[in-house]
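Colleague: Mind looking over this structure? Questions follow.
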Amino acid sequence: MAYSWQTDPNPNESHEKQYEHQEFLFVNQPHSSSQVSLGFDQIVDEISGKIPHYESEIDENTFFVPTAPKWDSTGHSLNEAHQISLNEFTSKSRELSWHQVSKAPAIGFSPSVLPKPQNTNKECSWGSPIGKHHGADDSRFSILAPSFTSLDKINLEKELENENHNYHIGFESSIPPTNSSFSSDFMPKEENKRSGHVNIVEPSLMLLKGSLQPGMWESTWQKNIESIGCSIQLVEVPQSSNTSLASFCNKVKKIRERYHAADVNFNSGKIWSTTTAFPYQLFSKTKFNIHIFIDNSTQPLHFMPCANYLVKDLIAEILHFCTNDQLLPKDHILSVCGSEEFLQNDHCLGSHKMFQKDKSVIQLHLQKSREAPGKLSRKHEEDHSQFYLNQLLEFMHIWKVSRQCLLTLIRKYDFHLKYLLKTQENVYNIIEEVKKICSVLGCVETKQITDAVNELSLILQRKGENFYQSSETSAKGLIEKVTTELSTSIYQLINVYCNSFYADFQPVNVPRCTSYLNPGLPSHLSFTVYAAHNIPETWVHSYKAFSFTCWLTYAGKKLCQVRNYRNIPDKKLFFFLVNWNETINFPLEIKSLPRESMLTVKLFGIACATNNANLLAWTCLPLFPKEKSILGSMLFSMTLQSEPPVEMITPGVWDVSQPSPVTLQIDFPATGWEYMKPDSEENRSNLEEPLKECIKHIARLSQKQTPLLLSEEKKRYLWFYRFYCNNENCSLPLVLGSAPGWDERTVSEMHTILRRWTFSQPLEALGLLTSSFPDQEIRKVAVQQLDNLLNDELLEYLPQLVQAVKFEWNLESPLVQLLLHRSLQSIQVAHRLYWLLKNAENEAYFKSWYQKLLAALQFCAGKALNDEFSKEQKLIKILGDIGERVKSASDHQRQEVLKKEIGRLEEFFQDVNTCHLPLNPALCIKGIDHDACSYFTSNALPLKITFINANPMGKNISIIFKAGDDLRQDMLVLQLIQVMDNIWLQEGLDMQMIIYRCLSTGKDQGLVQMVPDAVTLAKIHRHSGLIGPLKENTIKKWFSQHNHLKADYEKALRNFFYSCAGWCVVTFILGVCDRHNDNIMLTKSGHMFHIDFGKFLGHAQTFGGIKRDRAPFIFTSEMEYFITEGGKNPQHFQDFVELCCRAYNIIRKHSQLLLNLLEMMLYAGLPELSGIQDLKYVYNNLRPQDTDLEATSHFTKKIKESLECFPVKLNNLIHTLAQMSAISPAKSTSQTFPQESCLLSTTRSIERATILGFSKKSSNLYLIQVTHSNNETSLTEKSFEQFSKLHSQLQKQFASLTLPEFPHWWHLPFTNSDHRRFRDLNHYMEQILNVSHEVTNSDCVLSFFLSEAVQQTVEESSPVYLGEKFPDKKPKVQLVISYEDVKLTILVKHMKNIHLPDGSAPSAHVEFYLLPYPSEVRRRKTKSVPKCTDPTYNEIVVYDEVTELQGHVLMLIVKSKTVFVGAINIRLCSVPLDKEKWYPLGNSII
């Protein structure tokens, strides 16, 4: 069966003929609506149901005035016909009736059936009633019922008794807005059944016999209405004239009212430290070193509580220790020194994230709750404040201008109207005022206004020709009639404008109309595209004709074929417009359409020069907003952009805030449809027990994690066995995402599965908030699951939830409500959500959507928090201005410009006193450390800004402000790394990850946290000379120089061991590229971390077609050299591989979470994350389909591949050479690279240095004892020449300072010179360490005294054990043997202590033989590892078709080429399966 698109068969026929009898012929036999299956990837080619016939009949209560023939008119537009005086009617109007075909559909969209009205002849209104809405829990929505406002009741009591039939124009400020008087969807209010058929009359063609009396309106409302004349009245609606916006305002107000200012649980005004579930495996035996500061006490108290200690118990112990037993712990709280962050009393210490990361001494401050500042709390007077969205949105000033202009123009129009009625002269003044009114209303000129203006001009022209002297009709009477029609047309245009766009006014009395529809009518989607208004004059000259296309989409997929419509040239009336007036008939039953269907219309111009069709603008709209279809005429802003985002066509793109330069008018039918939920099919009693193979196949398919990675065939298989899927073998997003379409039956089954599903964890529901699931019921269930997360847990996923708002059907959705609720409960959530929304405002298509949500957030936050938001925003604005001025300055002037502009920040803090840091709301700043601010010489010229901490117990805070770089991608990568680190911590694995904060504060700008005591690997390489990147010992030597004590060195080695493994795993999974020594950082405590994530997901830079990043991740031989302590502890490399593989396998178990987080960001506009191929890249790196053994083998190969990748070293060498040539000696070190300014730490200071003795060798070494600031001591040896070299360096670096005199050799007598130098050098060191803080803490002084320690040096210290200890030196091999079905798998992991007969290291490989089978048939072999006594393999050996283990022996032989090294025979029947085990090797020479 094929669909037939029916339009006017002859558009050139006269206008009168288009109202004659029309017939739609059936293409084929009727088809049951229940058989309609609506898919996504096929063109609709079948029709369902019958298309009825039109018949004509006369209705005495309606009127038509036929208009002149029009060549391009094929349908009805807004108020198509003239409307005559309100008390004059004609009997020539036509009535359209439908033959009843079938009963009302029980599913989908039902026709709006209205009760019979009373006194329907008293008024006719365009308003829409608001029926009773029972919410999402009802089985269906109720039938729309008429609703009368106070204005309606007055209208019904009035009769026209005055001869003046003009409307009254006024502005009402005190009448509360009522939804029924400004509905945006024009729902019909009344019905009238007559003799077996139903009347259907276009609202633009019908007025009833009643209306209001202007005089009585004035007498009734004269106290509340600003009277302007005798025409029209406007009422103020602060919540907007649009019902959707007004409803959203009411919803936000109700949410806010649930959280009273007096509720200290949710309105403490404090920033609580974030917590997680207590990591038992990590902190089972951990104790924290805590210093407690108490008011009126100079010395802190020292406690060492266990990690599982409750905060309130610690407070009780502190109070008991202070002999204040009368004080209650509940009245006290602990704050973190240096910040405004407070611990949560009901949580364990170890649950707080700050304790999980900070392993040093933690300083806390005990405060009384009532004395702790709650400055961010909401005040009592805010509980009853009203939410008017237009008071917070940017375009509020546009509304005011529009309203004020409209009122002014109406006054002028009224003045000229009175003058015209009195004198019948100066009609052109009237026409000019009408043009101005249309201009204010988006430059929209309706047909009714055009016809009235033309007729008015014609009357006065004929009057001048004495045309009416012989006529019974007076010119004055005709003028009154036409001006009434003109006023009515203006009135209706104002009403349509107010319902189409956001406005804070609307007409007081909207004329109502009635429409009728047989509920059994199988109606198809149909509407009229009338015109595109206000065509730019440049288009008029460039294009000879204009056309449009339209289509329907659902979930980013087209539901039907795109149709092109006829080309029409523009015309000039008041403004340029293109008038198609073309009726569009979709061959789709409305009830078969998905509820979340979107209509998209494109405007094309036919170029005069090339005759090509160029896309000029587009718009989109939901077909069924608020569960009901759109009724009547609507205006739509057209977006002047290249292409609509097909995948993101959602209501969020539909911007109704204000008219755009080009406005599209669409006339929808007067009859509406209302959505009814499908009945769920609960019967599953006939299901058979699934086959075992079927369940296994479902589990294999579930490894795809997201429907986007499933092929159509696999989707069909999964959907076929959908009722066998559960949370043990599959995920709900995969099952629902495999549905073949969104027809009524499929939706019913999806909802059935949805209700029956048991979620394994709340985060599984994240996959239901992607763009693949627009269904509101599915998204509602997803939010219900996420509501089980705590505020601190939800905080981690806010970026994805903000993106998910794009695909919500309206701003009253459960997801938006969840975000607002949590922002009221947590300042942390509110603060992060604020900056995410501020950043999202820069997204082109969803700016208005996010603006409204941001306004709602600010209303909920309260005045105090909003004041902080304003200060933070102002701070960012000043930083942006400073950055721009520094960039625009020349190289030699930049430092001067920066110093001058920093003064603006000082003025800022003089005005605001304090301000919270956007990066971290718990940090409050009060000023600028002027001398510590600088800029960096990288391409973006970022600023280093050091703020003064407002907390007297805190240190200064340094941040980097970047302008010119898009930091959103950095935010995403760091968020995903934080998620992985949290997973590791919960599994008991602390990878010592440093994850710095990063915040995008606007388009291509943002803040980056500076990590103290960190330096780039490139700088370490530069200190090692020209070929530093090629040396093996560079990193080891650097750590040795900065960790002289054995304990410090071991700690640094352990930190590097774990952090290097962690960053290897995360950078591999995320495919982080552009890795070189300039974006790898090291701290002196051993932590390694990466920065700058502009390239990820494998999008490597290329040079000459060759990728610059050719290693899976950065793990170089110099890193291995440090881990193995120069090769002395080769088993450390095995431990490193084990750690990496363990961390990798832990993350693989959470593949679904990572892929869901990435999928939810697909449409965030990130350059590196834009398609399914990017998700597939991460999927391929995670390998969720692999076993742990397979994944271990895979990642080990990647480690070896990275270790052997020489281009990495070459790339580091190139960057080092480039940096050495770029850095000018005149520039300070802190300006060469952002992180290098953190090289010096105030904690690395020296108290004193004393020479203990000297040795009379050729070099005359002096033994020096160095006392550190923490009272620790170390020893170092220096020669007299080294002292002299130090003095020369200080003279060059501090030429402006007066340095102590150095005891040169010529100052000393020839006798007893050694003892004299002993004394003089001690005196010299004492002076140097006291000359100034700048000299004492300089690089050269610190490196002189803290390098080359002789006590417990790294070379002399005992080995550091990082993994499993092996006291013996016997050779052994580690295996993991598994057996499933008939498959035997052996993972060869490591070997230890293997040697050749001469004692040298072998290049060993392993051979396997499965006995008693012939050796050649069952022989397997691994690759060889060259020259290693402790080799690592992690290779898998597989034997298939092993029916049983009993009677089989595995022979393992280790060889170095052909030389025998060792062997063992393993009886498989006694082997512990799936466990790691070390097996001894026999016959090897030790």
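Each Cβ is built from the backbone N, Cα and C atoms, and glycine gets one as well.
Given the structure is predicted, the values throughout are model-derived calculations rather than measurements.
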Colleague: Need the matching range: Swiss-Prot marks region 'Activation loop' on one of 226-252, 766-792, 1009-1035, 1090-1116, and I'd like to know which.
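Modeller: Going through 226-252, 766-792, 1009-1035, 1090-1116 one by one, Swiss-Prot flags 1090-1116 as region 'Activation loop'.
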Colleague: Select from 599-605, 816-822, 935-941, 1432-1438 the stretch of residues annotated by Swiss-Prot as region 'G-loop'.
Modeller: 935-941
Colleague: When secondary structure is assigned with DSSP, how many helix, strand and coil residues does the domain 'PI3K-RBD' (285-371) contain?
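Modeller: Here the numbers are 22 helix, 27 strand, 38 coil.
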Colleague: Would you mind splitting the domain 'C2' (1369-1486) into helix, strand and coil residue counts from DSSP?
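Modeller: Computed counts for the domain 'C2' (1369-1486) are 3 helix, 62 strand, 53 coil.
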Colleague: From the DSSP assignment alone, can you count helix, strand and coil residues within the region 'Catalytic loop' (1071-1079)?
Modeller: 0 helix, 0 strand, 9 coil
Colleague: Could you tell me how many residues in the region 'G-loop' (935-941) are helical, how many are strand and how many are coil under DSSP?
Modeller: 0 helix, 1 strand, 6 coil
Colleague: By Cβ distance under 8 Å, which residues at least 6 away from the ends of the region 'Catalytic loop' (1071-1079) in the same chain are close to it?
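Modeller: Counting only partners 6 or more residues beyond its ends, the region 'Catalytic loop' (1071-1079) has Cβ contacts under 8 Å with 973, 1016-1018, 1020-1021, 1029, 1090-1101, 1108-1109, 1111, 1113-1114, 1177-1178, 1181, 1208, 1211-1212, 1215-1216, 1219, 1233.
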